[in-house]
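To start, the structure itself, in structure tokens.
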Amino acid sequence: METEQPEETFPNTETNGEFGKRPAEDMEEEQAFKRSRNTDEMVELRILLQSKNAGAVIGKGGKNIKALRTDYNASVSVPDSSGPERILSISADIETIGEILKKIIPTLEEGLQLPSPTATSQLPLESDAVECLNYQHYKGSDFDCELRLLIHQSLAGGIIGVKGAKIKELRENTQTTIKLFQECCPHSTDRVVLIGGKPDRVVECIKIILDLISESPIKGRAQPYDPNFYDETYDYGGFTMMFDDRRGRPVGFPMRGRGGFDRMPPGRGGRPMPPSRRDYDDMSPRRGPPPPPPGRGGRGGSRARNLPLPPPPPPRGGDLMAYDRRGRPGDRYDGMVGFSADETWDSAIDTWSPSEWQMAYEPQGGSGYDYSYAGGRGSYGDLGGPIITTQVTIPKDLAGSIIGKGGQRIKQIRHESGASIKIDEPLEGSEDRIITITGTQDQIQNAQYLLQNSVKQYSGKFF
């Protein structure tokens, strides 16, 4: 990148007039990624925010948002919503939008980080799990941030380019990480573009994207995302609802919170997995033959510790977050299909041989944990460890004890474990359903623990 790019990237025609009217040929010489930016053209930018950040943008009594409207002669709004997300809408020319974003970014908070920027040597404790990183802790603009841009689904191809050439070039020229989520936001035609990096770079990247999509007409129907239709079962790259137990209120956390900006090979079937910030590729888990049902992580893991099995569940109260974990290990699965009234999953799997354990955790003949990543920091979850995938099966008659009425139980398990959990429909002629779990090793073991407890507690109570 050229040393003068920051000046070209963020011109201020009011205070630095010498940069306000630069010849087009100079801009092309200075920046390899050419843009046909028309500063007089009004465009609309929509950014997906955590609801808790709306107050910082609006300010007390609307002071901040009024100042942005007045100072930049722009339309700026953050409509209210009942969920963990809101949309920041800015209508102005592209250069002005960039200046407004530079004002807004330092006021935002990022979800679920260590309580101190320097506390990177250990995992957060349970009491720290709801702490957030406020960008205001940093001086200047030398810190990493990320924004979620909303675009119409028909515009995605213009950003990706042929075989990903455009998005690759955009990453290289702006020195940002970019992920275009595959699934649309709930009940809409919008897709999320997650852009991360230094604030100046992120803003420059957004300006280039706005320039790209402003030249492309929208194809098909347009249904902008309404955050009131928030639905966490959609893996679209938004924010997930979690609860701050100390304050008794819902807060939003990034759905991406478990992965990085990398790519995962396409899978077969299923919805893209939310825990990873992959590329624009399909992020569905790899599917393999149904393994036999696993037992509780404690005895099972110790029995076959030389195989790629999840470790025992952490001690109660020692997890990243504290939850009511009813149905303690050892409780019986009353009425479970395939087991007698006096038999548990644990007692059944204690008779498994090492080869049976290996078969249970090795779909497609490889490790049950899917280490699909491509360099960089991308494949590692924000709380430590790579993003991995494993599969288990349950008798289809027990699926209701996990899913719950309206899917509430499985949603809660996703919230508590931090893992992505997908339950496939049973194959024709099969009595089992495959559960695919994706996340860090800790998230997977917590998810398995909660799934088993749910079966124990609700077996025989179908909804």
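Just so you know, glycine gets a Cβ as well, placed from its N, Cα and C.
The compositional bias 'Low complexity' annotation in Swiss-Prot covers 252-266.
Among the features that Swiss-Prot reports, SUMO1 cross-link is placed at Lys34 (among others).
Annotation source Swiss-Prot lists SUMO2 cross-link at Lys34 (among others).
Annotation comment: Swiss-Prot describes Lys52 (among others) as SUMO2 cross-link. The 10 Å shell around the Cβ of Lys52 (SUMO2 cross-link) contains 20 further Cβ atoms across the protein chains shown.
Taking a C-beta cut-off of under 8 Å and a sequence gap of six or more, Lys60 (SUMO2 cross-link) has no contacts in its own chain. Sequence annotations record features per position, and here Swiss-Prot assigns SUMO2 cross-link to Lys60 (among others).
Lys163 (SUMO1 cross-link): 7 other CB atoms within 10 A of its CB, across all protein chains. For Lys163 (among others), the entry in Swiss-Prot reads SUMO1 cross-link.
Look at Swiss-Prot and you will find Lys163 (among others) tagged as SUMO2 cross-link, backed by similarity to another entry.
The feature SUMO2 cross-link is assigned by Swiss-Prot to Lys219 (among others). Residue density at Lys219 (SUMO2 cross-link): 11 other Cβ atoms are found within 10 A of its Cβ, drawing on all protein chains shown. A coil conformation is recorded for Lys219 (SUMO2 cross-link) in the three-state DSSP classification, outside any helix or strand.
Positions annotated as SUMO2 cross-link by Swiss-Prot: Lys405 (among others). The 10 Å shell around the Cβ of Lys405 (SUMO2 cross-link) contains 9 further Cβ atoms across the protein chains shown. Secondary structure at Lys405 (SUMO2 cross-link), as computed by DSSP, is helix.
Secondary structure at Lys422 (SUMO cross-link), as computed by DSSP, is strand. Marked as SUMO cross-link by Swiss-Prot on the basis of similarity to another entry: Lys422.
What Swiss-Prot records for Lys422 (among others) is SUMO1 cross-link, and it gives similarity to another entry as the kind of evidence.
Within 10 Å of the C-beta of Lys422 (SUMO cross-link) we count 21 further C-beta atoms, all protein chains included. Annotation comment: Swiss-Prot describes Lys422 (among others) as SUMO2 cross-link, evidence class similarity to another entry.
Taken from Swiss-Prot, the feature omega-N-methylarginine covers Arg316 (among others).
Per Swiss-Prot, omega-N-methylarginine is recorded for Arg377 (among others), and the stated evidence type is similarity to another entry.
What Swiss-Prot lists as phosphotyrosine is Tyr380.
Averaged across the region 'Interaction with ZIK1' (209-337), the predicted model reaches a pLDDT of 48. What Swiss-Prot records for 209-337 is region 'Interaction with ZIK1'.
Per DSSP, the repeat '3-1' (59-62) is made up of 3 helix, 0 strand, 1 coil. In the three-state DSSP scheme, Lys52 (SUMO2 cross-link) is classed as helix. In space, Lys422 is the closest of the recorded sites Lys52, Lys405, Lys422 to Lys219 (SUMO2 cross-link), judged by Cα positions. Cα spacing between Lys163 (SUMO1 cross-link) and Lys52 (SUMO2 cross-link): 38 Å, rounded to the nearest whole number.
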